[in-house]
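Taken from Swiss-Prot as is:
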type     : residues                             : note
BINDING  : 12, 99, 193                          : [4Fe-4S] cluster binding site
BINDING  : 42, 77, 127, 221, 222, 223, 265      : isopentenyl diphosphate binding site
BINDING  : 42, 77, 127, 165, 221, 222, 223, 265 : (2E)-4-hydroxy-3-methylbut-2-enyl diphosphate binding site
BINDING  : 42, 77, 127, 221, 222, 223, 265      : dimethylallyl diphosphate binding site
ACT_SITE : 129                                  : active site, proton donor
């Protein structure tokens, strides 16, 4: 048996920084209440551990509950400009760990919106990152996530197009070709995070070489779902699991070359636990 791990898998820089910041705030022990706006990452194990240590998840509609001096961690997905203004008025201490790649998208959108450009975001309109980015152009962006939706765009005089940072490269390029037909004066920025691209490319390459592929990450994690889609094109035996507990003998018993990758919200220890469980189920030490 061989266990092969994708060259790029697990925590990305932005997520790692967000988690480290949350634990640093806990260690300060200054008695202030600590909240995260939404789950800091799509990983139930990490969320559970933070909750036990006093970091509570709060949703946008609950922000009125915050009082002066409370700490609010803005997660790597980022938020709208209006939200920053609202929190400043309330006297809430904002700990901003918006991913630098997402911050770049926000800045582009803000700049070109104020130059008079229509804004087009290619991505999932319900994803927190896209919702936040749209908030930097007063929620006026056209959000498209398919070729069909791109064809439904009106003819625009001038527009600026950006991508959700976790988008699949081909998806962005295909939709962009349609957008070009719809805009007379188009400026576009490929704002897909290079860590996302490296993770996707590595998963694509590995899934061509294995008998079974495990994609580890939260079931609600956008980037993990995309990894699964990429892998299952090459390997029909592709499983999306959150942790080692979901692994069964049935998944591995007939396979000798086993591939493992993980989403940006998956800690190293979860990946290690999955590998240990695979070895246990196969009754072998294996090699990596």
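First residue shown is number 1, and so on along the chain.
Just so it is clear, glycine is given a Cβ too, placed from its N, Cα and C backbone atoms.
Nearest in space to residue 99 ([4Fe-4S] cluster binding site), taking C-alpha to C-alpha distance over the recorded positions 42, 77, 129, 222, 223, is 77. Counting other Cβ atoms within 10 Å of each Cβ, the binding-site residues 42, 77, 127 show the lowest value at 127. Sequence-ordered, the extra residues of this chain that approach the dimethylallyl diphosphate site, with Cβ no more than 8 Å from the Cβ center of 42, 77, 127, 221, 222, 223, 265, are 41, 128, 129, 166, 218, 220, 224, 263, 264.
Within 10 Å of residue 265 (isopentenyl diphosphate binding site), as judged by C-alpha distances, the recorded positions found are 12; the full candidate list was 12, 129, 193. Taking only the Cα positions, the spacing between residue 221 (isopentenyl diphosphate binding site) and residue 165 ((2E)-4-hydroxy-3-methylbut-2-enyl diphosphate binding site) is 13 angstrom. Reported as a whole number, the C-alpha separation between residue 222 (isopentenyl diphosphate binding site) and residue 165 ((2E)-4-hydroxy-3-methylbut-2-enyl diphosphate binding site) equals 10 Å. On the backbone, the CA of residue 42 (isopentenyl diphosphate binding site) and the CA of residue 12 ([4Fe-4S] cluster binding site) stand 13 Å apart. Same-chain neighbours of the [4Fe-4S] cluster site beyond 12, 99, 193, judged by a C-beta within 8 angstroms of the site's C-beta center, are, in sequence order, 13, 14, 15, 76, 100, 101, 102, 165, 166, 195, 196, 264. A 10 Å radius around the C-alpha of residue 193 ([4Fe-4S] cluster binding site) takes in these recorded positions out of 77, 127, 129, 165, 223, in sequence order: 165. Across the fold, the C-alpha of residue 165 ((2E)-4-hydroxy-3-methylbut-2-enyl diphosphate binding site) and the C-alpha of residue 12 ([4Fe-4S] cluster binding site) stand 12 Å from each other.
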